Amino acid sequence: MQRILDLRRIYALTVDPRALHGSVWKVDFKVVRQELIRYIKDLALFEGEFILSSGQKSSYYIDLRRVSLDCRAAPIIGKVMFDLICDLQDVDAIGGLTMGADPIACAIMHYAASVGRSYNAFVVRKQKKTHGLARLIEGPDIRGKRVVIVEDTSTTGNSPITAARRAEETGATVAAIAVMVDRETGARQAIEKAGYSYYAALRVTDILDRGTAD
């Protein structure tokens with residue numbers, strides 16, 4: 001029953017911008033963040049032996065698409081990630097490397113619209129299309145726009161850095177890179193070394209029951 005009550009408060013906030021004002025917003029954001037952690041633990045956390053996309057081995061795997069594509073969790077992600085980046089000035093669009101970034105960008109876009117903010121979403125392909133318009137970046141044109149690159153989780157920072165470079169090659173300005181879960185394995189350092197501001201909604205140690213990440 002507590003899960004249901006929490007979700008009702010969260011969904012109320014996603015449709016009523018007036019609820020964002022005052023101390024109630026600060027309290028409810030903590031509730032939303034904890035609810036997101038619970039969803040990740042319940043739906044997306046697996047223990048065992050895994051090879052990550054970076055090639056590194058891990059004793060756990062967080063399959064965030066099980067959360068970001070879940071109809072109950074997506075509005076929560078939108079709210080948490082919006083709060084993470086909403087103070088960045090003059091941002092026009094949100095996107096990243098397909099496919100981990102895609103549902104994150106769309107969740108932010110929809111939540112932002114519900115509170116009167118306008119962010120377009122875009123998708124950075126891994127390879128340029130060879131037919132049609134042969135685009136590398138799908139969605140509204142980001143040429144001359146200020147964008148935030150998002151990712152569900154990052155180990156080395158390579159995926160969001162790749163997306164950022166491709167956005168810049170298209171003519172966009174990258175305001176920041178924001179990830180939902182930082183695995184605390186060097187992504188922050190790599191992204192900041194590459195010259196980008198870095199934001200993370202959660203650390204992997206917020207999710208794992210043990211004190212440090214493997």
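Cβ coordinates come from backbone N, Cα and C, glycine included.
According to Swiss-Prot, the protein carries these features:
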type	residues	note
BINDING	ARG125, LYS126, LYS129, HIS131, GLU151, ASP152, THR153, SER154, THR155, THR156, GLY157, ASN158, SER159	5-phospho-alpha-D-ribose 1-diphosphate binding site
BINDING	THR155, ARG183	orotate binding site
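Known features from Swiss-Prot, placed on the structure.
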| residue | record | Cβ contacts under 8 Å, 6 or more apart |
| --- | --- | --- |
| ARG125 | 5-phospho-alpha-D-ribose 1-diphosphate binding site | THR98, ARG135, LEU136, ILE137, GLU138 |
| LYS129 | 5-phospho-alpha-D-ribose 1-diphosphate binding site | ARG135, LEU136 |
| GLU151 | 5-phospho-alpha-D-ribose 1-diphosphate binding site | GLY96, LEU97, GLY100, ALA101, ILE104, SER159, PRO160, ALA163, ILE177, ALA178, VAL179, MET180 |
| THR153 | 5-phospho-alpha-D-ribose 1-diphosphate binding site | ILE62, LEU64, GLY100, VAL179, MET180, VAL181, ASP182, ARG183, VAL204 |
| THR155 | 5-phospho-alpha-D-ribose 1-diphosphate binding site | LEU52, SER53, SER54, GLN56, ARG183, THR185, GLY186, ALA187 |
| GLY157 | 5-phospho-alpha-D-ribose 1-diphosphate binding site | ILE177, GLY186, ALA187, ARG188, GLN189, ALA190, ILE191, ALA194 |
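There are 25 other Cβ atoms within 10 Å of the Cβ belonging to ARG183 (orotate binding site). THR155 (5-phospho-alpha-D-ribose 1-diphosphate binding site) falls outside any helix or strand according to DSSP and counts as coil.
Overall, the recorded 5-phospho-alpha-D-ribose 1-diphosphate-binding residues ARG125, LYS126, LYS129, HIS131, GLU151, ASP152, THR153, SER154, THR155, THR156, GLY157, ASN158, SER159 cover a maximum inter-Cα distance of 33 Å. Following the DSSP three-state reduction, the secondary structure of ARG183 (orotate binding site) is coil. Its Cβ placed at the centre, SER159 (5-phospho-alpha-D-ribose 1-diphosphate binding site) has 26 other Cβ atoms within 10 Å.
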